[in-house]
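K.L.:
Following this message is one structure expressed as structure tokens.
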Amino acid sequence: MDTGRCVLFPTLGCPDDLTPTETAVLRFRAYVIPVLLCIGIPSNLFVLAIFIRLQMKAACRFNIYAMGIAIAHLFQCVFQALLDHFIGRGLWYASGCQLTFKLDILSEVSCKIVAYTPAATQLLSAMLLVSFTIDRTVTVYRPIQSRGDIYLGYAYLGVLICFLFSFLSFIPAALYYVIVEKDDGTCRCQLLDPTAAGARYVILMSAFCSYTVPTFVILILNVLICYKLKYIVQGKRLEAKTTARQKIERRRILGHLGVCSLFLFLSMPLVIVMAIRQYSDAMQYADGCPEYHQEIVQLTKFFNSFIAIQYTSEIWVYLIFLPNVRSEAVRLLCGCKCLMKFEVVRRFFERYVRITSSQRRQKLANMSEKVGKKVKGEREGEGDSAGTTATDR
């Protein structure tokens, strides 16, 4: 359709009839989302680089899922936070309601892309976290049979299935979303007929498979992990019987619980509000009580924007709970030879970087070689001294 006749937003200033909730949504998308993007995109790239280096040194399933989640979060930063939340509405409000630039109504293609990609990337992130949690649960309850450094192929296959399923499942969103022109001349990218089977499929997939089901599955599995964790913590008292591998695995459990706790803390309010919205739609409150229905819609948008904190802040969870991630981060930032020339950087590097087992073996071999050369030199010196004494006699 010709979108040139569509009125995007009022260009003479912000409307006076904005509700407090709608204002909160616009302010969050205008001022908080850009800050989160400036943190989230570099931090997820940094997390991806760290876990790639860790995987090259000591391969394990934890690193594979962490890399997959970092890639999914990068997609969410670009397609959901940047294109949908900030450019979609936040930029308009940040410019004093003067600058109008909505990607989803520029053309039919842009409408379908903006509708498809955020939904697919959200499902991808949720599926990866569910798969990650299932893997951690199995590892906790079967620590020997499902050790973290075996069955790597299953982890790669699981990540691949999550990517394929997520991007294929939301193809109907690209088919059913179109630009609809309202009576007042404004345009909106929305489902043409929300009661159609394909449109209902898109709504249910977005509401249940992307948010509700993953949230409750992760919550239940985390309760099981925490139940098992108390026995692991009790075993911590027997330090003499605790191996280095068990200590590393314990740290990974805590890191995973930190990631899931952040997800649950931010997703639970959205799940509750979405359930209320589904009930409001079923009871047709949009016709009988439009103010209440609009308030629920704005609350859904607000908590949906609030999820951006989760996919831009997980680097801090990894740095807090995983010492090997901290060490690799310092090694990646300060390991450059030009920086190691400075005494402060070298001391910081030596203090916070943990050496790997191969480096430890190399260090012991070098020390043994030095001791051997020293002993050999002392023996040669003693031989020369004995020869000189005999000559003098």
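Cβ atoms are placed via backbone N, Cα and C, with glycine included.
No curator has checked TrEMBL annotations; they are predicted automatically.
Given the structure is predicted, the values throughout are model-derived calculations rather than measurements.
The annotation compositional bias 'Basic and acidic residues' is assigned in TrEMBL to 370-382. Annotated domain 'G-protein coupled receptors family 1 profile' per TrEMBL: 43-318, in sequence order. Annotation comment: TrEMBL describes 363-393 as region 'Disordered'. What TrEMBL records for 31-52, 64-83, 113-134, 154-179, 199-227, 253-276 is transmembrane segment.
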K.L.:
In the predicted model, what is the mean pLDDT computed over the domain 'G-protein coupled receptors family 1 profile' (43-318)?
P.N.:
87
K.L.:
Given a Cβ distance threshold of under 8 angstroms, which distant residues of the chain, six or more beyond its ends, lie next to the transmembrane segment (113-134)?
P.N.:
65-66, 68-69, 72-73, 75-76, 79-80, 83-84, 88, 103-104, 158-159, 162-163, 165-167, 169-171, 173-174, 177, 189, 202, 205-206, 209-211, 214, 217-218, 221-222, 225, 256, 259-260, 263, 307, 311
K.L.:
Other than its close neighbours in sequence, what residues sit by the transmembrane segment (64-83), given a CB gap under 8 Å and a spacing of at least six beyond its ends?
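P.N.:
Sequence-remote neighbours of the transmembrane segment (64-83) are 33, 36-37, 40-41, 44-45, 47-48, 51-52, 55, 103, 114, 117-118, 121-122, 124-125, 128-129, 131-132, 135, 152, 155-156, 158-159, 162-163, 259, 308, 311-312, 314, 318.
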